[in-house]
Each structure stands twice: as C-alpha cells, then as structure tokens.
Amino acid sequence: MKNSQDEKQRDLSINKSDGTNKFLTTDQGVKINDDNNSLKAGERGPSLLEDFILREKITHFDHERIPERIVHARGSGAHGFFEVTNPIPELTKAGFLQEAGLKTPVFTRFSTVAGSRGSTDLARDVRGFSVKFYTQEGIYDFVGNNIPVFFIQDASKFPDLIHAVKPEPHNEIPQAASAHDTFWDFISLMPESMHMIMWVMSDRAIPRSYRMMEGFGVHTFRFINEAGASSFVKLHWKPKLGTHAVAWDEAQKISGKNPDFHRQDLWEAIEAGNFPEWELGVQVIPTEDENKYEFDLLDPTKLVPEELVPVTIVGRMVLNKNPDNFFAETEQIAFHPGHVVPGIDFSNDPLLQGRLFSYTDTQLSRLGSPNFHEIPINRSIAPVHNNQRDGHMRQEINKGRVSYHPNSLGGGCPYQAKISEGGFSSFEERIDAHKVRERSESFSDHFGQAKLFFNSQTPEEKSHIVKALRFELGKVETTAIRVRMLGLLSQVDAELAEKVAVGLGATVPSTLEFPVNKGVSPENEGGNQEPKTVEQAVSSSEALSMINNPTNSPTIESRRVAILCSDGVSEAAVKNIKKALKKQGAKGFVIAPHLGAVLTDNDGALKADFSFLTASSVLFDAVYVPHGLGLNLLAENDDALEYLNDAYKHCKVIGADGEASELLSATSFASKITNDDDGVIVTSEVASEAFAQEFITAMTKHRFWKREPNLYL
Ligand code: HDD
C-alpha cells in the first residue's frame, strides 16, 4: 500500500480557485466592468431584463442554500491523517490497517445532533464523531458518536426519536435542547433508552472541546481477514488531551457569550499548530464468543465493558489542516456507515441495518443528486469506474458507447475484481430464520447497563446527573411525564430517583406505568418485551467515568488562562505566568478594562488581548490576578469580579499573587474559600516560579468539583 497522506489534498487542489490579482467575471468568464449598478432605462429608470449580470448574480444568490442535515446539522470539521501504529492483518484485510507507518488522509466532522445549523455548540446533546478515510481501496466512513450506546434498538424508532427531540412542531420551541415535553414524553415510554439517558445527562453531553471527546462506533461491526475469517469489533477513539467537560451553568453562559465556542476552539488549535490527536482502538470479540455475554452484541443500547474485552490501540489520527471553505468541505461532506472497504463488514444490529438505508437516501435531498460522490470532498482517491450514468450535475465525462455489464463492445470493461484482486465480498453468514417483525428477547435488559454506568460515576459525576435531570424534567410541563420518568429512574437507582424527585417536588411512583394508546394492543407498547434488569458481569468500570478515566493524562496543552490586568500591573508577574504556561503548551491572555495598552509597574506596556466586555470567564480554563497598583480599580469593577465569581462557581483554578490576593475578598465566594481548596492558589510573593508551577499543577486536575454542593456525599 502506498502512503497517500497528501493525495487527497492534491485531489482537492484541482477544484480550488483564488481570485487574488484576477478580474471579476460572470460565471461564464466574461469580465465585469461595473458590479455596483444594474442596467437601467435611464439613471432613475427601471432595471432592464436583459441585464444578464444582475440576473446571474441574483439567481445564484437565491439558490445558495441547501437543506441542512436532518440531524447533526451543526458541525465543524478538519483534514488530517490516520497512521497505523499496530497493524492488524490477522483481524482484517483492510489495506489501510496493514502496515505500521502507513498514512491515510481523513476528513473528520464533529457535530451536535438536535440543533439547527446556526445553533449553539454547547447544547446538552450527543456529539457526532465522523471520520472519512480516503483509502487506496475506496472510502471508509466511521460515523459514530461521543457516547458508545444509543437511545433506541431499532431504526424504525429513529424518526420518532428525532421528532420528539427537535423543537416542538406547533411553535418551533425550544432550539437545540432536549428539555421539553415531547422529548421526555417519548423517552418515558421507551425504557430501552435508559442507558443512553444516563450518558446524555452526564457531563459527556457538555464537552470542554471537540478535541477532548472520545469517539465510538456504537454498533458491533465485523472485521474479515485475508482467509475470510471474521471477528466482531467495537471501535473507539481516545483523545490525547483526555476526556473533559464544562459545568452546566458554564455551558449555558458560553452559549450566549460564544455560541461558536467548539468550532472556534478546533479552528484556533489547528491554526496554532496544536493538532488534535486521537488513538484508534478496537475491542475484538471472537465469533465463537457471540453469545457469551449477558447482553446481546447486536443491541446498540449496550457496550462491552473494557474489563471484559480490553481496547487494543491500532493507530492514531491527527487533524492538521482547517478547511479552505466551510460549505464546500464541512457542509458538503456526506458520511455513510455503509461506506466500507474490503475487510470491514456489518453486523445484524437492527439500528445499523436501518442506517445503511438512511444515509445515501438523505444525501439525495440534501445534496440534490445521486452524483454527490463527485463533490470534491466526497471524491474517492481510488479510481471510480462503473456504469452508473448521468443525473443532475454530473461532472464525469464517461467515454465510449458502453454503459452496461456484461458487454462485449467494451471488451467487458470495466471488469469485476476477483476477491484476490481486492473485490469486495460480504461475510457469508448463515441465516436460517422466519421473517418476523419482532425484537429478540436478548434485547430486553433495559436497566442493567444503565446501572453499570451510574455505578461507575464518582460522587461528583452522580451529583451532576441528578442536577441535569432536575433541570431537564423541571422544564417538562406535563406532570404525568415527570412521574413516569421518576419510575424509570427508580429502576436504575432508587437513590437517584429520590434525589431527582426532591428537585421536582414529586414522589417516585411505586410501579412502572405505560399508558395504552388507542388502537394499540398493550403488548406492543414500547417494543415487544417487558423491560428487565439483568445483573452485569462487571458492576463498575473506570473507563465509563470521565474523572476516573484511565486515558486522561495530566496535560494543560492548549488550555486558556485569563490574566486580569489594570494599569500598574506587575509586568514581571504577567510574563512569569505566560512563560510558564507557554512551556506547557497553554496560553495566558491579558484581559483589561479596555483594549489597547495596559501600562505596567515599570513604565512598560502590555497589549490587552480582550477587554472585560469582549471576553468572559467561561471562555477560559483558569483565572489569574497578578499583583499591581490598579487592583482597587478591579475590585470596583463588576465585570472583573464576575471573572472570579464565575471561575469559582465553575470550579476552575484561581490564582493571585502579592496584593492581588486581597481582591479575592471582594468576590461573592470570599467566605467560602477553604484552606483545602487546591484550586485557589495565593502567594505573597510576586512573579514566583513556585507559584506558577503550583498553578499549572492545579490546572492539570481540570476542575475542583468539591466546591459544589454534592448530593452524593
Ligand atoms: Fe445518524 C447523520 C451518527 C443513528 C440517520 N448520524 C449522522 C451523523 C452522525 C451520526 C455522526 C453526522 C454525519 C456528518 O457529520 O455529516 N447516527 C449516528 C449514530 C447512530 C445514528 C452513532 C447510532 C448508533 N442515524 C441513526 C439512525 C438513522 C440515522 C438509526 C436512521 C434510520 N444520521 C442519519 C441521517 C443523517 C445522520 C438522517 C443526517 C445527515 C446525514 O445523515 O448525512 O441519515
């Protein structure tokens, strides 16, 4: 296999254009002399229909929107490469996984699910994690999420799920939020969603950055090796920067201060050369182990605990180039879990099977034609030859008179590939079954893994789940829906249900009740099976907790620190912390009452990166106040104090040196600071290296959740 790392960029370059030093022209290449005035009958007269320049410009403008994605409309993407570190030829014959060091170009898109294209990045939601591999054997698409399980077990419920979570149809409210009646009405009637609900109510749903999220293929897939032997696999992406979240109050504030927070974070990291990186891991389940577990491998509401099947790392992905054009690349990219290459195949997971239909179908209305594979970002770098012809916006000029197979007039070309020549062949699974519209009994455990997830959380994380549920269900107006949800939560954990109930001023019901709707027999409500709880072989798993996650490394790379300054600030202190942060790959930003120069204690000047108004505490990972003469100005400035108050509330590191530590007594949290809060660091020295070190060590802990009232202590 050849290293094709740059091949996709070369392929894209033939479609790129740049108007620098060029004439303005019409779409037909005619040079334009006046782009400011339409052609009129007299300078004050009506415009003329013959003005082809005006007509062309307006027509193009009138049609420049395409339908947004029906889900995952809001997203951001980047180019990069995937490199094999541990080849796995014994598992799969997929060419891009065969040799150590082999690089394959990728384009990766991250997204929220429910919101529309212009919605906030910080919604409480699942995040999409899609990777298009431009392999030498054709396109392979990984189309996963940052959560390893899903809400529903059968694709036939997907339209219902999405209708329920999207803004309500009568008034189009609320945008990018699940906290409303229709979503929880549906969920309260779908006990199979309880495992996923635990994840979505956890901090996984409010990531600090796209660069700090795990990715999961969710379904069980198959790998097939050269000899035709198959194994079941689950795919994982593990972020180099660890898996981290923001606080819910912070997420809501970020949504107002900078709704592009994740998009900008990804863009700026790549522009600054802080290329985000993930490891690709596989969990391999031998075919003979298919029925070994207490859960069904085909059930997408279940994960395989890493304690039962460890994750083996096979390669790494680095994103190192921003798109040149958002629409052409990030918007027009079309992913499809059915885009696989020889060596990768599907399982019979009924959710996956439905997806295999949906993705091509949706591109037909979104991108407008079956020729969407010709759009540059979707184009394979492996040669494409077949007898598919014509259609809207066809780019390729197929030569010859033959567009059918078999043929003799074209010498039988293009000809089929033998399996030994790389021809795709599906795994020959033996199926001997009745055609039925049923769900397997092995899918009926709806609570066992919800319990596993909940039991794997730290007390802080459990407390966040309770608060998230109080928020979400608190926004639900129909009491019966809240009560039904409390019933389902009690099946996961009695204490969890009780604590949520307190927030709602409600009582946990003693029985589960599903109302029977008109015309539907009771046994068909909410699937075919009575929901069950099956005891799991693993009762708690570190990998499921973000705080205990074994892959989290103590790094502050690319983290942002707000340095609150006013005239008279100690230049040495600012430089000291900036230098120390830079050494760790992080960055300090000077925030001042106004933009322009901030005068320093030694008659120098620092450039303000932001004023108190143009940034906000929630856009930073930590706040530092250096010693200085103008501290009394900060103490009187509500905007400056809000940086500290919010940073404390969101459990971030706060540092102050010299007299700056006195500023903390002007904050709303002054009386709450305790000696054992490792996240509030004060020193009497100015510009002390030891202080900078302590500040950085505290930042590696990400957040000091113990400041919050914890419902589980
Ligand atoms: Fe889906 C988009 C992930 C179930 C139908 N899905 C979409 C995207 C991601 C996922 C990441 C955005 C791709 C991009 O960036 O362009 N979807 C998932 C995961 C699922 C899942 C991890 C469950 C395990 N999806 C699912 C089902 C169906 C769909 C069951 C339909 C039966 N998904 C779609 C879609 C979308 C889509 C309507 C909208 C835009 C697109 O495909 O290209 O076809």
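From the backbone N, Cα and C atoms, a Cβ is placed for every residue, glycine too.
Any TrEMBL annotation is an automated prediction that lacks curation.
Long-range contacts of the compositional bias 'Basic and acidic residues' (1-13) within the same chain, counting only residues at least 6 positions beyond its ends with a Cβ under 8 Å from a Cβ of the stretch, are 79, 81, 95-96, 98-99, 101-105, 107, 134-136, 321, 376-377, 379, 381. What TrEMBL lists as compositional bias 'Basic and acidic residues' is 1-13.
Residues annotated as region 'Disordered' in TrEMBL: 1-40 (among others).
Taken from TrEMBL, the feature compositional bias 'Polar residues' covers 14-28 (among others). Beyond its flanks by at least six residues, the compositional bias 'Polar residues' (14-28) meets 35, 52-53, 56, 60, 324, 328, 376 of its own chain at Cβ-Cβ distances under 8 Å.
For 25-413, the entry in TrEMBL reads domain 'Catalase core'. Note on the domain 'Catalase core' (25-413): its mean pLDDT in the predicted model is 98.
For the recorded site, Phe158 (heme binding site), the DSSP three-state label reads helix. With a cut-off of 8 Å between CB atoms and residues at least 6 apart in sequence, the same chain places Ile152, Leu351, Gly354, Ser358 near Phe158 (heme binding site), listed in sequence order. What TrEMBL lists as heme binding site is Arg69, Arg109, Phe158, Arg355, Tyr359, Arg366.
Remark: His72 (active site) has Ser111, Thr112, Val113, Gly128 as non-local neighbours, by Cβ distance under 8 Å and separation of at least 6 in sequence. Annotation source TrEMBL lists active site at His72 (among others).
Look at TrEMBL and you will find Asn145 (among others) tagged as active site. The DSSP secondary structure for Asn145 (active site) is strand.
Among the features that TrEMBL reports, region 'Disordered' is placed at 515-540 (among others).
Marked as compositional bias 'Polar residues' by TrEMBL: 526-540 (among others).
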C-beta crowding around Arg109 (heme binding site), within 10 angstroms: 23
Largest separation between Cα atoms (Å) of residues that the record links to heme, namely Arg69, Arg109, Phe158, Arg355, Tyr359, Arg366: 21
Neighbourhood of Tyr359 (heme binding site), C-beta criterion under 8 angstroms, separation at least six: Val143, Ala334, Phe335, His336, Pro337, Gly338
Sparsest-packed of the listed binding-site residues (Arg69, Arg355, Arg366) - C-beta count within 10 angstroms: Arg366
List of residues, in chain order, with Cβ under 8 A from that of Asn145 (active site) and at least 6 apart: Val126, Arg127, Gly128, Phe129, Gly215, Phe216, Val218
